[in-house]
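Asker: Have a look at the structure that comes next, please.
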Amino acid sequence: MDGYVMVGVNHQTTPMALRDRLVLDDPALAALLVRLRARGVTEALALSTCDRVEIFGHGGDPRALRALLLAELCAVGPIEPAALAGQMVDLRGLAVVAHMFRITSALESQVLGEPHILGQVKAAHRIARDAGTVGSATEALMQAAYAIAKRVRSETRISEGPVSLAAVAAQIARDLHGDLGETCLLLLGTQEMGELIAEQLQMAGVGRLVVCAPRRPRAEAVAARLGASVGDHGALLDLLPNADIVVVGVGGGLLALGEEAMRRTLKRRRNRPVFIVDAGVPGNVEPSVQRLEAAFLYDLADLEAVAEEGRAARDQASREAHALVADAVAAFERHRAERAAVPAIAALRAHFEGERLRALAEAPDDAEKATRLLVGRLLHGPSEALRDLAAGSADKEFMTVRAEMLLRRLFDLPTSIAETGATDREDGSKG
C-alpha cells in the first residue's frame with residue numbers, strides 16, 4: 001500500500017487564485033502524464049476540476065515519485081514549490097486510497113454529494129489509460145473507487161435535497177413545471193441574488209430567459225452575460241403573461257410586483273401556474289400575491305428553510321457515507337495484502353507437493369514411513385529457522401512469544417504451544 005502517492009491542491013487547502021494557475025484542460029493533462037512516463041513513472045493519473053488539481057502515482061521509491069509529481073504540478077503554473085508550502089495536499093499509502101474514495105463519493109466536493117465529480121474522475125481515468133500510465137495498481141484503485149461511489153449513492157441520500165438557495169429554486173421550478181425546456185423565465189431587476197438564481201435556473205434547462213430592469217443598460221449587460229433577451233420595463237404587464245417563472249430582485253425594498261398585476265397576469269394565462277422568487281432584501285413582491293391560487297411565491301427565507309432541510313439530510317448521509325468509505329478502505333487494504341501473499345502461498349504449496357512426492361518415492365509401499373518422512377521434512381526447515389530466530393535475538397522471550405503467536409495462527413493451534421508441549425512430555429513420562 002506504500003506505493004500510492006498523491007500531491008495536489010484543492011478548495012480545502014489552496015486559495016482559488018493559486019488553484020486557477022494550475023488548472024489543466026484535457027490535452028494538458030495527457031501531456032503531463034506523457035512527460036511523467038518519459039521520466040520513468042509507470043503509473044499516474046491527473047485530475048483537474050474547479051475544486052482540485054491533483055496528481056496520483058504509484059510505483060518505485062515514494063519519495064522520488066513524490067518529487068517528480070510535485071515538479072510537474074509546479075511546472076504548470078509555473079510556480080515555485082515553496083509557494084505551495086502549507087497549501088497543498090501531500091498523501092501516501094492508504095491515505096491516498098481513502099482520499100480517492102471520498103472524491104468519487106462526492107464527500108470532498110464543495111457542494112457535498114454533487115453528482116458531476118464521478119464523471120470527471122472517469123474522464124481523467126480515460127485520459128490516463130490513453131497516455132499509457134494506468135497499471136494494475138491504479139486500475140485496482142479506480143475500480144474500487146467506482147464501486148464505493150455506487151454504494152454511497154445507492155445506500156445513502158448524499159445527493160438528495162438541494163442545499164443552496166439557487167438549487168432549491170431550480171428544484172421547485174422542476175416540481176411545478178416538469179421539463180423546463182419549454183418554460184420562459186423573466187428576471188425582473190438585476191440584483192446579484194436574483195441573477196444567481198436566474199443563472200441556476202438557466203443551467204437547470206429553462207428554455208428562454210428575458211431580463212427586464214428599470215435601467216435598460218444594466219439589463220442589457222446582464223442579458224449579454226447570460227445569453228438572454230432584454231424586455232422593455234415599460235411593457236412589464238405584457239411580459240408577465242409569457243413568464244412561467246419570475247425572479248424579482250430590484251433591491252432597495254421597492255415594490256416591483258404587486259397583487260393586482262399578478263391577478264391580471266394569471267387571468268391572461270388562464271390560471272396556468274407561475275413560480276415567483278422574491279430575491280429582494282427587503283422583499284420586492286407584495287406578500288398578498290401568495291393568496292392567488294396559481295401564484296407560487298417564495299422569498300429568500302422560504303428557500304433557505306428548504307435548503308437547510310437539504311443540508312441536514314446531507315449531513316446525516318455524509319456520516320453514513322464516511323462509514324461506508326472507511327469499510328471500503330479496510331477491504332481494499334485486505335484485498336491488496338491477500339494478493340501480495342499469493343506468490344508466497346503458491347511457492348509454499350509447490351514446496352509441500354515436492355516433499356510429498358519425494359516421500360512417496362522413498363517409501364512407495366509403506367504409508368506410515370512415507371507420512372513420517374513427509375512430516376519430518378516439512379517441519380525441519382521451519383523448526384531450524386525458529387530456533388535460529390530466537391537464539392539470534394537480543395530479546396529471546398519476545399521473539400519466542402511472537403513465534404508462538406505466528407504458529408498458532410498458521411496452524412490453528414488451540415492452546416499455548418508451551419503448555420501443549422509440557423502436557424505431551426508429562427503424558428509420555430507416565431507411559
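Note that Cβ sites are derived from N, Cα and C of the backbone, with glycine treated the same way.
Swiss-Prot lists Cys50 with the feature active site, nucleophile, giving sequence analysis as the kind of evidence. If you look up Swiss-Prot, you'll see Thr49, Cys50, Asp51, Arg52, Ser109, Glu114, Pro115, His116, Gln120 marked as substrate binding site. Residues annotated as NADP(+) binding site in Swiss-Prot: Gly189, Thr190, Gln191, Glu192, Met193, Gly194. Sequence annotations record features per position, and here Swiss-Prot assigns site 'Important for activity' to His99.
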Asker: Pop the Cα-Cα gap between Ser109 (substrate binding site) and His99 (site 'Important for activity') into the table, whole Å please.
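Answerer: Pair distance, Cα basis, whole Å: 12 Å.
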Asker: Per residue, counting other C-beta atoms within 10 angstroms of the C-beta, which of the binding-site residues Ser109, Gln120 reaches the highest number?
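Answerer: It comes out as Ser109.
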Asker: Could you give the Cα-Cα distance between Glu192 (NADP(+) binding site) and Pro115 (substrate binding site), in whole Å?
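Answerer: Per the Cα atoms, Glu192 (NADP(+) binding site) and Pro115 (substrate binding site) stand 26 Å apart.
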Asker: Relative to the Cα of Asp51 (substrate binding site), which of the binding-site residues Gly189, Thr190, Gln191, Met193, Gly194 has the closest Cα?
Answerer: Met193
Asker: Report the same-chain neighbours of Thr49 (substrate binding site): residues 6+ apart in sequence with Cβ closer than 8 Å to its Cβ, ordered by sequence.
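Answerer: In sequence order, Ile117, Gln120 meet the Cβ cut-off.
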Asker: Residues with Cβ closer than 8 Å to the Cβ of Gly189 (NADP(+) binding site), same chain and 6+ apart in sequence?
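Answerer: Looking at Cβ-Cβ distances below 8 Å from Gly189 (NADP(+) binding site), excluding near sequence neighbours, one finds Cys212, Ala213, Pro214, Val248, Gly249, Val250, Gly251, Ala256, Ala279, Gly280, Asn284.
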Asker: For Gln191 (NADP(+) binding site) and Cys50 (active site, nucleophile), determine the Cα separation and express it in whole Å.
Answerer: 25
Asker: Cα of Gly194 (NADP(+) binding site) to Cα of Pro115 (substrate binding site): how many Å, rounded?
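Answerer: Distance between the two Cα atoms comes out at 25 Å.
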Asker: Cβ-Cβ under 8 Å from Thr190 (NADP(+) binding site), same chain, 6 or more residues apart: which ones?
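Answerer: When sequence neighbours closer than 6 are ignored, Thr190 (NADP(+) binding site) has Val211, Ala213, Arg215, Arg218, Ala219, Ala221, Val222, Gly249, Val250 within Cβ distance under 8 Å.
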Asker: Check the binding-site residues Asp51, Glu192 for other C-beta atoms within 10 angstroms of each C-beta and report the one with the most.
Answerer: Asp51
Asker: If you count the C-beta atoms lying within 10 Å of each candidate's C-beta, which of the binding-site residues Pro115, Gly194 ends up with the smallest number?
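Answerer: Comparing Cβ neighbours within 10 Å for the binding-site residues Pro115, Gly194, Pro115 has the fewest.
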